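Undergrad: Straight from Swiss-Prot, here's the annotation block:
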- E103: active site, proton acceptor (ACT_SITE)
- S28, G29, S30, T31, D81, G82, A83, D84, K94, G95, G96, G97, K121: substrate binding site (BINDING)
Amino acid sequence: MDQLEMKKLAAQAALEYVKADTIVGVGSGSTVNCFIEALGTIKNKIQGAVAASKASEELLRKQGIEVFNANDVSSLDIYVDGADEINPQKMMIKGGGAALTREKIVAALAKKFICIVDSSKQVDVLGSTFPLPVEVIPMARSQVGRKLVALGGAPEYREGVVTDNGNVILDVHNFSILNPVEMEKELNNVAGVATNGIFALRGADVVIVGTPEGAKIID
């Protein structure tokens with residue numbers, strides 16, 4: 001079974017958490033794209049969705065699902081998103097698709113965060129296999145880069161990428177994130193940082209892992 005098939009298994013299993021007549025929070029990325037396709041099969045059951053990226057908005061509309069603005073929603077029943085890495089405490093690194101700030105905003109609206117991944121995304125320590133994305137206001141790029149170096153990281157400017165918010169991304173290598181909560185707070189306090197890709201303060205509540213044996217649920 002290939003990686004795409006495992007992503008589809010996890011995405012399909014997430015439909016079990018979708019309640020009738022609710023607005024669903026939707027993240028971004030390849031696994032979420034599988035979820036949006038699956039959501040299209042039950043679109044008449046839900047009111048619509050709030051999306052964390054313009055790309056996800058477009059896919060939702062193609063499926064005939066109404067897209068709501070986050071400002072018009074006081075809370076969401078669930079938020080479904082993928083991850084670049086996830087640890088046993090259900091904390092994540094996200095932001096490979098450069099939508100991390102909006103993902104945090106939509107996740108914060110949700111009562112329950114459902115993370116859907118394939119088994120390759122599971123790690124013991126965050127930062128093991130994937131650099132940490134940091135979204136930065138453009139005028140602060142060099143300044144933030146120096147701060148990240150001082151913290152022991154090796155930031156790399158993600159060429160040609162502008163986020164939906166008009167910001168840039170620094171991918172930070174060499175971070176072994178042993179205390180995700182504290183590092184998330186520390187990096188978010190750096191002047192010029194919009195947010196960083198550690199999702200520890202608001203981690204996942206349920207993890208659905210697509211494996212060759214089927215969807216495995218960790219709650």
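Including glycine, each Cβ sits where the backbone N, Cα and C put it.
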Undergrad: Which chain neighbours of the substrate site, leaving out S28, G29, S30, T31, D81, G82, A83, D84, K94, G95, G96, G97, K121, have a Cβ atom within 8 Å of the mean position of the site's Cβ atoms?
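TA: Along the chain, the qualifying residues are G27, V32.
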Undergrad: Can you give the largest Cα to Cα distance in Å, as a whole number, for the residues S28, G29, S30, T31, D81, G82, A83, D84, K94, G95, G96, G97, K121 that bind substrate in the record?
TA: 16
Undergrad: How many Å separate the Cα atoms of S28 (substrate binding site) and E103 (active site, proton acceptor)?
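TA: So the alpha carbons of S28 (substrate binding site) and E103 (active site, proton acceptor) sit roughly 8 Å from each other.
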Undergrad: Taking the Cβ of K121 (substrate binding site) as the centre, count every other Cβ atom within 10 Å, in any protein chain shown.
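TA: The answer is 24 other Cβ atoms.
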Undergrad: Determine, to the nearest whole angstrom, how far the Cα atom of S30 (substrate binding site) is from the Cα atom of E103 (active site, proton acceptor).
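TA: Answer for this pair: 14 Å between alpha carbons.
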Undergrad: Find, among the binding-site residues listed as S28, S30, the one whose Cβ has the highest number of other Cβ atoms within 10 Å in the structure shown.
TA: S28
Undergrad: Counting Cβ neighbours within 10 Å across all chains shown, tell me which of the recorded positions D81, E103 comes out on top.
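TA: Buried the deepest by this measure is E103.
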Undergrad: Roughly how many Å lie between the Cα atoms of A83 (substrate binding site) and E103 (active site, proton acceptor), rounded to a whole value?
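TA: Answer for this pair: 11 Å between alpha carbons.
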Undergrad: These are the binding-site residues: K94, G96. Which one scores highest on other Cβ atoms within 10 Å?
TA: K94
Undergrad: In whole Å, note down how far the CA of D81 (substrate binding site) lies from the CA of the residue listed as 'active site, proton acceptor'.
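TA: Cα of the residue listed as 'active site, proton acceptor' to Cα of D81 (substrate binding site) measures 8 Å after rounding.
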